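Read through the structure below, which is laid out as structure tokens, and then see the notes.
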Amino acid sequence: MNGYFRLIAAFALGVATVSGFAPFYLYPIPVVTLALLALLWRRSRTPGQAALTGFTFGMGLFGAGVTWLYVSLHDFGHMEPALAVLALIILCAYLALFPALTGWITAFRHFRASWAWPGMVAALWALAEWLRGTLFTGFPWLTVGYSQAPASPLAGFAPVIGVYGLSLLLMLSAAWLACWLENRQSHRFWLGLGSVWLIGFGLQQIHWTQPEGEPVTVSLLQGNIPQNMKWQPEHLAATMQIYAELVQESPSRLIVTPEISFPLFYEQAPQDYLALLAEHARSRQGDLLIGMAERSSSDNGYYNTMFSFGTSPEQSYRKYHLVPFGEYIPLKPVFGWIIDVLHIPLSDFSRGGLDQQPLDLAGQQVAVNICYEDVFGEEIIMQLPQASLLVNVSNDAWFGRSIGPRQHLQISQMRALETGRYMLRATNTGVTAIIDERGRVLEQLDMFTTAGLHSTAQGFGGATPYVRFGNSLVFALIGLLLLAGSLAAFSGRRKTL
């Protein structure tokens, strides 16, 4: 294949892979695009050519999939258009290094000639995605396993091996398909592919967790405060009035407002206003969660915090996993100038504790996570199995009308699948939704509307295998596949595919 055509094809495959994610949910597409990528790797003349192919695929995937970053940087961060485009290109180039590394390793002749090559590709791909989601605080957005939530048969594996396990099985399926495309005389690849997907379907029939107690009434509030107005002092009174009305119209025991609902510090909030809202929650024998910034009592730092008011004793949750360059500046001596460029309010938060306990609210044990935190499944499970409900609060107004909010919703669907718990999402502009323990969106509000979502949610007890073991199971699977691939490649018994 001509070198330029190869790169164009790889880029197009990366772009097409985005259709597997929300809002499109075309989960079979990534199987095909990854299979064709694997075929390009198998037909690469050198590992370097395979690495460039993987890099170009990554540029297509991330270039098309995280376009919302431009909206955040330019429309709301007021970064110059050229600088915002440059920042997007640099991020995509960094993220594309991980599929490039996978292609480079798997294209070595010893591995490519081995019968264990599909397993090697799958293991290395999953390992690369885990590294991408971990290094430099991690950016696991568009991990391909998310594309399978919630409808794909592979989603049945989510409560067992999590999103990285789904990535592994998705790439394994794709690699088997690539080998069949290369050698259509052999049908054993279909046996492996069909077996994995059939097992996934069977796992979907298992209920790993059990309902506990009666369903609780919930109200998830969506204030729809425009991002370009939220931090303007002259709009503070209107914002507080909107949420006061939404709270007082809520008939539920558990009422949740979005992340930093009020653009002020907790210490600055009018106490009579908070008392009024708390009294409404108590009148329903329930509790209210409000998002505000909180000053540290020990230093000059501040936290992104959710506070509870109502029947239960006052409690709080402080955000632990902060967004780099959005909520804190890494390596300040090097990158401190970015604060002046982005014009993002409160862009240097302090980190909350990692070992925070669920909040006891409205008769439920509630594991709160704020915005970006629900991208990290291994951190969400730290409050389980004690928690009976998951709550994510967010301000996805930063994404504008891009595909970002829908992608974030799908990430929450994966967390519900992994944990066997309802996920309640309260966001500023959308998508505010109730997701059941199977990852299905039961109810949601229209985006960019001011409203409350009033419904019920069922608390769950018990633990999925993923809650018990985290990523340990997928690491064990990665290790076994890499060991098998290495032994097959270097033992002198390299039976070709």
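Cβ coordinates are placed from backbone N, Cα and C, and glycine is handled just like the others.
Annotated features, as they stand in Swiss-Prot:
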ACT_SITE  Glu259  active site, proton acceptor
ACT_SITE  Lys319  active site
ACT_SITE  Cys371  active site, nucleophile
DOMAIN    221-461  domain 'CN hydrolase'
TRANSMEM  21-41  transmembrane segment
TRANSMEM  51-71  transmembrane segment
TRANSMEM  85-105  transmembrane segment
TRANSMEM  119-139  transmembrane segment
TRANSMEM  157-177  transmembrane segment
TRANSMEM  189-209  transmembrane segment
TRANSMEM  472-492  transmembrane segment
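Remote same-chain partners of the transmembrane segment (51-71), defined as residues 6 or more beyond its termini with a Cβ less than 8 Å from a stretch Cβ, comprise 6-7, 10-18, 21, 37, 40-41, 44, 84-85, 87-89, 91-93, 95-104, 107, 141-142, 398-400, 402-404, 407. Sequence-distant contacts of the transmembrane segment (21-41) (same chain, at least 6 residues past either end, Cβ-Cβ under 8 Å): 1, 6, 9-10, 13-14, 50, 53-54, 57, 65, 99, 103, 106-107, 121, 142, 144, 146-148, 151-152, 154, 170-171, 173-175, 177-178, 181-182, 403, 406-407, 409-410. Below 8 angstroms of C-beta separation, residues 38, 41, 91, 95, 98-99, 101-102, 105-106, 111, 145, 164-165, 167-169, 171-172, 175, 321-322, 324, 330, 375-376, 471, 474, 477-479, 481-482, 484-485, 489 of the same chain, each at least six residues beyond the ends of the transmembrane segment (119-139), sit close to that stretch.
Within the model, the domain 'CN hydrolase' (221-461) carries an average pLDDT of 91. A Cα-Cα distance of 9 Å separates Cys371 (active site, nucleophile) from the residue listed as 'active site'. Applying an 8 A CB threshold to same-chain residues 6+ apart, the list for the residue listed as 'active site, proton acceptor' reads Gly291, Asn304, Met306, Ile370, Cys371, Val393, Ser394, Asn395, Thr427, Asn428. Within the chain carrying the transmembrane segment (472-492), a Cβ under 8 angstroms from the stretch's Cβ atoms is held by residues 110-111, 113-117, 119-120, 122-124, 126-127, 160-162, 164-165, 168, 465-466, all 6 or more beyond its ends.
DSSP classifies the residue listed as 'active site' as coil under the three-state reduction.
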